[in-house]
Amino acid sequence: MEPIEQQLTELRTTLRHHEYLYHVMDAPEIPDAEYDRLMRELRELEAQRPDLITPDSPTQRVGAAPLTAFNQIRHEVPMLSLDNVFDEESFLAFNKRVQDRLKSTENVIWCCELKLDGLAVSILYENGVLVSAATRGDGTTGEDITSNVRTIRAIPLKLHGDNIPARLEVRGEVFLPQAGFEKINEDARRTGGKVFANPRNAAAGSLRQLDPRITAKRPLTFFCYGVGILEGGELPDTHLGRLLQFKAWGLPVSDRVTLCDSPQAVLDFYHNVEKDRPTLGFDIDGVVIKVNSLALQEQLGFVARAPRWAVAFKFPAQEQMTFVRDVEFQVGRTGAITPVARLEPVQVAGVLVSNATLHNADEIERLGLRIGDKVVIRRAGDVIPQVVNVVLSERPEETRPIVFPTHCPVCGSDVERVEGEAVTRCTGGLICGAQRKESLKHFVSRRAMDVDGMGDKIIDQLVEREYVHTPADLFRLTAGKLTGLDRMGPKSAQNVVNALEKAKATTFARFLYALGIREVGEATAAGLAAYFGTLEALQAATIDELQKVPDVGIVVATHVFNFFAEESNRDVIGQLLAEGVHWPAPVVINVQEIDSPFAGKTVVLTGSLSQMSRDDAKARLVALGAKVAGSVSKKTDLVIAGEAAGSKLTKAQELGITVIDEAEMIRLLDA
């Protein structure tokens, strides 16, 4: 066997292994970028020796064979994959190939859309009624997931409108919004269930359940992006026209679809989407660029596994492989001890990553992680990098177990893990320097007391020099004392003192959030402030009374009650008030006198809003007598669903709660 034959055999075997893990087992072991690199290497070798290309080479087919647990559906029109480009130069080369093949010097009109990171499916409608659905599988044969797809509320069981074809097969992506993914994992950690590495794995695992009742509980959604079978009807002669027609028939289509009349316009779209990526609420890994004209698509045709008229322009990889060199333990403001992996530095999504959170002891056990392991690191948007999985097939011989500390690594106090909780905590309280630092950093943060110019390094020095022990001590600082800190001149010191003085005027909700009560985030703090109105009323509340507040259950109510029952906490609050911290007296709203459909209602916002910010929407709703909650419960009267609404929308539908969209909310606000 020639050396190149050996290389080809090894590459094909490796790629088939990873295709099986990705497409069949929903448990990928390597990042997409590494798979793409291996595929490029195989293509390049096959280009050198086309006589060695085999029919079953991964370059000649799509995906992997389907699971035998599902019935199989043969695709009458193959579900092909897309070729990829990874930089501007490669895209411009693709654009030129298209123009050359069309023998045209004029710019092609491109239809650009999002490349969703979910599971490709085909859905067949006969006379407008959903009759079957299948996964991509190997592109020729997929798995019959009809029963599961019927549980996805975004997918219509019957199309509506005129001129619906007798047989119409739509293609699209089933995916899981970020909020739904976090809720699934949160529930799994609480119940000891399977924790998913990323939303794509969660979507695939949810869609390919043998029991559709499990799928029905998962907040999956769907966007349509193409067509397979078309019989007994017609569709528009452009890709965008077809998407708009699908939308008119009731099929969900992404609103981020744009026509571009030049290569530069495509690049602008790519960069704008890349910038907006962290705020979309769901995962994408690039944009898809298609020739808009169906006539030109037919003229361009296909290669073995992909169309010549479309390409996926992928973003820089958000996942990379590296090694865990050590694990250290950090202490947070509530005493939570968090293991942090120290990594061999690696570039991920344009950022050099050398640390990744490991969350807790359960996560380390779930991963089966040891120091020295080769791991996959993921960094999405502004999220702290995390270890996705261990590459067990490449585990080095010299690895060692991770041992959780029995004493606080900062103050030496005992650590404890309360039954039913995943977190291990230091019991040292404010005698622990780490907890003191983190509590003060939280207190001055932008969404809390918002002390401009007081960064982490200043807090670190103030605690280390014992200038500050409690939040009230901050307001006693003088410019003279601050000037003694590193890199703090007289002008900067005075600016910090001025910022502290300005921060004394706050709101009741911000003040509560700044106190750092366990489990009390911004939304809960706002709910407590709105419900009780005054600090005195809140401090006097019983656990039962606290649970009357939207989103406050027994756990949160107990934490709030215990916080105010602690004499040292009441003392700190008294000192803060004595130093001049204040907020406006509550405005008593008589909902009986407000003529608004929102008056007296408990309202939940979910998804992203396009017409106004979430804060503005909350403010207007509260002004009209509504109580804005952060989660859906039986107490909820109304849910307002924006784009990419996730688990909250699903729960509202399960509970039979009224749901309106953003347009209807604005109409009612302006009524």
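Quick reminder: no glycine exception, Cβ is built from N, Cα and C everywhere.
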Pick from CYS260, CYS432: which one does Swiss-Prot list with CYS408, CYS411, CYS426 for the same Zn(2+) site?
CYS432
Tell me the Cα distance separating CYS411 (Zn(2+) binding site) from ASP32 (NAD(+) binding site), rounded to the nearest angstrom.
42
Excluding near sequence neighbours, so keeping only residues 6 or more apart in the same chain, what lies with its CB under 8 A of ASP36 (NAD(+) binding site)?
ASN84, PHE86, LYS314
Could you check which of the recorded positions (GLU34, LYS115, LYS290) sits closest to CYS411 (Zn(2+) binding site), going Cα to Cα?
GLU34
Measure from the Cα of LEU82 (NAD(+) binding site) to the Cα of every one of the recorded positions LYS115, CYS408, CYS426, CYS432, then give the nearest.
LYS115
Tell me the Cα distance separating LYS115 (active site, N6-AMP-lysine intermediate) from ARG136 (NAD(+) binding site), rounded to the nearest angstrom.
16
How big is the Cα-to-Cα gap, in Å, between GLU34 (NAD(+) binding site) and CYS408 (Zn(2+) binding site)?
39
Over all pairs in ASP32, ALA33, GLU34, TYR35, ASP36, SER81, LEU82, GLU113, ARG136, GLU173, LYS290, LYS314, the listed NAD(+) binding residues, work out the largest Cα-Cα distance in Å.
25
Other C-beta atoms that fall within 10 angstroms of the C-beta of ARG136 (NAD(+) binding site):
24
